[in-house]
Amino acid sequence: MGYLFEETLSSNPKTPIVVDDDNELGLMAVRLANAAAFPMVLKASLELGVFDTLYAEASRTDSFLSPSEIASKLPTTPRNPGAPVLLDRMLRLLASYSMVKCEKVSVGKEQRVYRAEPICRFFLKNNIQDIGSLASQVIVNFDSVFLNTWAQLKDVVLEGGDAFGRAHGGMKLFDYMGTDERFSKLFNQTGFTIAVVKKALEVYQGFKGVNVLVDVGGGVGNTLGVVTSKYPNIKGINFDLTCALAQAPTYPGVEHVAGDMFVDVPTGNAMILKRILHDWTDEDCVKILKNCWKSLPQNGKVVVIELVTPDEAENGDINANIAFDMDMLMFTQCSGGKERSRAEFEALAAASGFSHCQFVCQAYHCWIIEFCK
């Protein structure tokens, strides 16, 4: 039974409402039905530079900014005179998700002002070399190239096939990137795994004593750049397709080598596979891992950095939310790609000839897993 705390419901948003299970479920359902608004507002805010603007101001003065002040400080000054009003509407949504802090002030008339919350630092465009940034991840996930694949989800369930291929003329993701320089650059800028690597290096000791470290599918080489900055004695080999290396900068102690991990892998006494295996089927993973195994000395290892899915889909578990969100991203973006459980990683290690695998430590949403020869 519900309890009415005031005589009637009205248009006054401060009027308490009937509290009961059905009402709570209804509110949750409405929130889910309109959930598309938040990620799209988040994406636009990142593209506009809102978080960088607010965070820079908070770092200097710890002060709040009005929407008009925010608009005037954006990297691109809006030509639209109504921009502050629109920014205010966007920011109050972000405030409801605790991404920014909102307060009301009276300066002639009452208005809302905003300040960055600590979580904003994970979304700063200019923070990739510091802790890594999720800004590019949001932007690429909601780029039209990936959005178009979601429209194929129902048909893939009913008829089979590959969501990405259905949306893009039968092409696979990594083949497509070779034809779209804009999207390839955007994809290769996704930088939060740098934060994962830096966090892991705070506790992971597995690179001590390594002489030659090969990053298989290393993209632009930023992972090896981080590792060799801590272990300058290591010779790093950043191994990837030619199109991926085209945008790779120079890092001290790192050599960029072009090739195909499905054909062979450069020799090293340790290797990294960072967020590579989740792109591929079990069969393809075994091919990659067997090539790594062949190029390792006895007692060599592959350092696998991957998300590990929980065995149960527990309600309210943030790790489960992240794991299964990302699993669905793999479902739509990579044919046969998926996130895996501990048991599935152990099975891959065994099928590829490794003696065992061990789950060493966790950094944010990823585990550091050693596949030992």
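Yeah, the Cβs are placed from backbone N, Cα and C, and that goes for glycine too.
Secondary structure at His278 (active site, proton acceptor), as computed by DSSP, is helix. Taken from Swiss-Prot, the feature active site, proton acceptor applies to His278.
The S-adenosyl-L-homocysteine binding site feature in Swiss-Prot is assigned to Gly217, Asp240, Asp260, Met261, Lys274. Every protein chain shown contributes to the tally, and the Cβ of Lys274 (S-adenosyl-L-homocysteine binding site) ends up with 24 other Cβ atoms within 10 Å.
It is 12 Å from the Cα atom of Gly217 (S-adenosyl-L-homocysteine binding site) to that of His278 (active site, proton acceptor). Cβ contacts within 10 Å of His278 (active site, proton acceptor), excluding its own Cβ and spanning all protein chains shown: 18. For the binding-site residues given as Asp240, Asp260, the lowest number of other CB atoms within 10 Å of the residue's CB is seen at Asp260.
Note: Met261 (S-adenosyl-L-homocysteine binding site) has non-local neighbours Val216, Gly217, Phe239, Ile276, Ile288, Asn291, i.e. same-chain residues 6+ apart with C-beta under 8 A of its own C-beta.
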